[in-house]
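Listed in Swiss-Prot:
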- 141-152: intramembrane segment (INTRAMEM)
- 153-159: intramembrane segment (INTRAMEM)
- S18: phosphoserine (MOD_RES)
- S25: phosphoserine (MOD_RES)
- 392-425: region 'Disordered' (REGION)
- 1-91: topological domain 'Cytoplasmic' (TOPO_DOM)
- 117-140: topological domain 'Extracellular' (TOPO_DOM)
- 160-168: topological domain 'Extracellular' (TOPO_DOM)
- 191-425: topological domain 'Cytoplasmic' (TOPO_DOM)
Amino acid sequence: MTMAKLTESMTNVLEGDSMDQDVESPVAIHQPKLPKQARDDLPRHISRDRTKRKIQRYVRKDGKCNVHHGNVRETYRYLTDILTTLVDLKWRFNLLIFVMVYTVTWLFFGMIWWLIAYIRGDMDHVEDPSWTPCVTNLNGFVSAFLFSIETETTIGYGYRVITDKCPEGIILLLIQSVLGSIVNAFMVGCMFVKISQPKKRAETLVFSTHAVISMRDGKLCLMFRVGDLRNSHIVEASIRAKLIKSKQTSEGEFIPLNQTDINVGYYTGDDRLFLVSPLIISHEINQQSPFWEISKAQLPKEELEIVVILEGMVEATGMTCQARSSYITSEILWGYRFTPVLTLEDGFYEVDYNSFHETYETSTPSLSAKELAELANRAELPLSWSVSSKLNQHAELETEEEEKNPEEQTERNGDVANLENESKV
């Protein structure tokens, strides 16, 4: 009996489980691993003191990108583009590779010259005047190394000279001459490209330390200033700006460091600059602007970064130059303007770069551009309603009277017609 009851209970349990599986099959849902930025952003909704959090820059003030590439498995790709790899190295590593390449090639061919002399037996007939060696006066590895340097650098033979009785030496001489020319072209080319890089030219392109938000021509604008310290100008200069801000889509996807274009005059051509003196770059905050709904009180709470990029060709070399900088929320001043730096002197304009980064406070509403537009619309609406509403009300009353009293309207029309006939008579 006990075994029968146990068997019956087990079957009931199995049948119940199978029915449950038929009704509702459990599915193991694996939550995707959030990016590190998203995991860091999760407790921010609970934290009240968000303004004190340090915002991690995407681009530093000096223009260097604050991004490190990790877990790169396909490192062979760096060797396929060996020229760019060498140019991107620091100067100390570049000079070390430069010296090592020449030293290794000299030692390699010096070893081969010594082996040829050793195999031919030239070392055993150094003092024999009747013996014709492959290379005269080559009596050891040091002399072979010096002969290799003389051959590859083409400084001219002196005490050691190759003879015509050594065909293997002649072939080796041709190989070393060709490979030496290739090494010279490659290494000198790398050094020339590294020296002529326009990165240092970007050091003389300066951006203001702060960006400002104030009114300009009755519109709320975001502004920053750029300048060129050199007398040789940047040709075909253009500027653009990006807003770096993490976002979450309506489907729940988290996009870290989402990039949004900031219009600084692309459609009007104001983004193309004649950068002879410092210029103030302006972005009008309108409905297409990402700052449309941001007010003065909300700005410190936002976690965003504005990346500005200035590009152009160096007048002296014709190479493309790019300068970058960025502004975080703590570097955006609401209600300020830049101090003028350009003054007219006797026959020329003078730029005072001591005041390049200075700002002064000005009267600016603390509302967002959206709120200002709504207030402006509310101020204009009663003027239009006062005329149109009265006309509509008058028309509606007339139509209602006509619908209610159609007979009276016909009698009035008849009376008017009789009066006209009597007046004619």
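The backbone N, Cα and C atoms fix where each Cβ goes, glycine too.
With helix defined as DSSP H, G or I and strand as E or B, the topological domain 'Extracellular' (117-140) counts 8 helix, 1 strand, 15 coil. Within the same chain, residues 147, 159-163, 165-166, 168-169 sit at least 6 positions outside the topological domain 'Extracellular' (117-140) and bring their C-beta atoms closer than 8 Å to a C-beta of that stretch. Long-range contacts of the topological domain 'Extracellular' (160-168) within the same chain: residues 116, 120, 132-138, 143, 146-147, 150, each at least 6 residues beyond the stretch ends and with a Cβ under 8 Å from a Cβ of the stretch.
Confidence for the topological domain 'Extracellular' (117-140), expressed as mean pLDDT, is 82. Break the topological domain 'Extracellular' (160-168) down by DSSP state and the numbers are 2 helix, 1 strand, 6 coil.
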